[in-house]
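Visitor: According to Swiss-Prot, the protein has these features:
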SIGNAL    1-18  signal peptide
DOMAIN    25-249  domain 'Peptidase S1'
DISULFID  Cys31-Cys163  disulfide bond
CARBOHYD  Asn44  N-linked glycosylation site
DISULFID  Cys50-Cys66  disulfide bond
ACT_SITE  His65  active site, charge relay system
DISULFID  Cys98-Cys256  disulfide bond
CARBOHYD  Asn103  N-linked glycosylation site
ACT_SITE  Asp110  active site, charge relay system
CARBOHYD  Asn121  N-linked glycosylation site
DISULFID  Cys142-Cys210  disulfide bond
DISULFID  Cys174-Cys189  disulfide bond
DISULFID  Cys200-Cys225  disulfide bond
ACT_SITE  Ser204  active site, charge relay system
CARBOHYD  Asn251  N-linked glycosylation site
Amino acid sequence: MVLIRVLANLLIIQLSYAQKSSELVIGGDECNINEHRSLVVLFNSSGALCGGTLINQEYVLAAAHCDMPNMQILLGVHSASVLNDDEQARDPEEKYFCLSSNNDTKWDKDIMLIRLNRPVNNSVHIAPLSLPSSPPSVGSVCRIMGWGKTIPTQETHPDVPHCANIKLFHYSLCRAVYVGMPAQSRILCAGILQGGIGSCQGDSGGPLICNGQFQGIVSATSKPCAHSLMPALYIKVFDYTDWIKSIIAGNTTVTCPP
């Protein structure tokens with residue numbers, strides 16, 4: 001418990017001085033304490049900050065660009081200033097990536113699977129979120145959450161995670177506004193067209209939940225965050241389920257989807 005408190009104090013510092021390269025929820029409200037049991041915090045003492053999603057007792061899914069040296073993982077956190085009795089801390093034992101040197105596929109390879117150094121115990125504030133059983137539908141209302149910035153122009157982060165509802169759009173909309181995106185991709189396009197609500201610095205790696213299913217990983221946003229007509233980009237989890245399941249089953253040399 002002493003270690004948890006030390007790490008929690010570090011997290012408070014990170015939320016105050018988080019790097020500008022992370023992502024945060026703009027235009028959202030404080031999450032209910034019971035709706036983010038799978039949300040984890042990835043951070044280190046140098047100021048890096050990201051979210052992630054617990055998918056079973058031993059594995060966390062996040063964005064590849066959230067990889068950082070000396071990574072610490074906190075689970076069961078609601079308030080950075082008030083310790084939950086069931087908060088748990090873990091270190092990464094192994095990290096798995098889908099790296100690509102192909103410009104047409106590097107956009108959608110921003111995914112990292114982390115094996116924890118020891119299993120997590122389910123509790124009141126900690127529970128995994130299962131992988132999706134089917135892909136999401138365009139038009140779905142989806143939920144985002146994280147400790148990212150709540151004001152795009154300020155480097156302040158909330159004490160508790162913020163949540164917001166956004167809409168899933170056709171991929172072609174994001175391709176039209178983000179230069180260099182390929183014709184086909186394993187990326188989801190989601191946001192609010194009028195702007196003002198969306199992921200931002202500090203939210204990277206966190207979940208996109210559509211109709212109760214874990215469908216996306218926060219990957220990239222407009223600059224500034226939640227800009228009108230510029231939805232954010234999310235890695236499509238469904239397309240990687242076979243890769244993820246193979247690694248969990250012990251096949252760590254499995255090939256990523258093309």
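Cβ atoms here come from the backbone N, Cα and C positions, even for glycine.
Surface or core, plus neighbours and distances: that's what I need for these features.
Guide: Residues within less than 8 Å, Cβ to Cβ, of Cys163 (disulfide bond) and separated from it by at least 6 positions along the same chain comprise Val25, Gly28, Asp29, Glu30, Cys31, Asn32, Glu35, His36, Arg143, Ile144, Met145.
Sequence-distant contacts of Asn44 (N-linked glycosylation site), defined as residues of its own chain at least six apart whose C-beta falls under 8 angstroms from its C-beta, comprise Met68, Pro69, Asn70, Met71, Gln72.
Using a 10 Å Cβ-Cβ cutoff, Cys50 (disulfide bond) registers 31 neighbours.
The Cβ of His65 (active site, charge relay system) has 17 other Cβ atoms within 10 Å, all protein chains considered.
Cys256 (disulfide bond) falls within neither a helix nor a strand when secondary structure is assigned with DSSP, and so counts as coil. In the shown protein chains, 17 other C-beta atoms lie within 10 A of the C-beta of Cys256 (disulfide bond).
Counting every protein chain shown, 25 other Cβ atoms lie within 10 Å of the Cβ of Asp110 (active site, charge relay system).
Classification of Asn121 (N-linked glycosylation site) by DSSP places it in coil, neither helical nor stranded.
In the structure as shown, the Cβ atom of Cys142 (disulfide bond) sits within 10 Å of 22 other Cβ atoms.
When secondary structure is read from DSSP and collapsed to three states, Cys174 (disulfide bond) falls in the helix class.
When secondary structure is read from DSSP and collapsed to three states, Cys225 (disulfide bond) falls in the coil class.
For Asn251 (N-linked glycosylation site), no same-chain residue that is 6 or more apart in sequence has a Cβ closer than 8 Å to its Cβ.
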Visitor: If you measure from the Cα of Cys98 (disulfide bond), which of the recorded positions Cys174, Cys189, Ser204, Cys225 is the nearest?
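Guide: Checked the recorded positions Cys174, Cys189, Ser204, Cys225; minimum Cα distance to Cys98 (disulfide bond) goes to Ser204.
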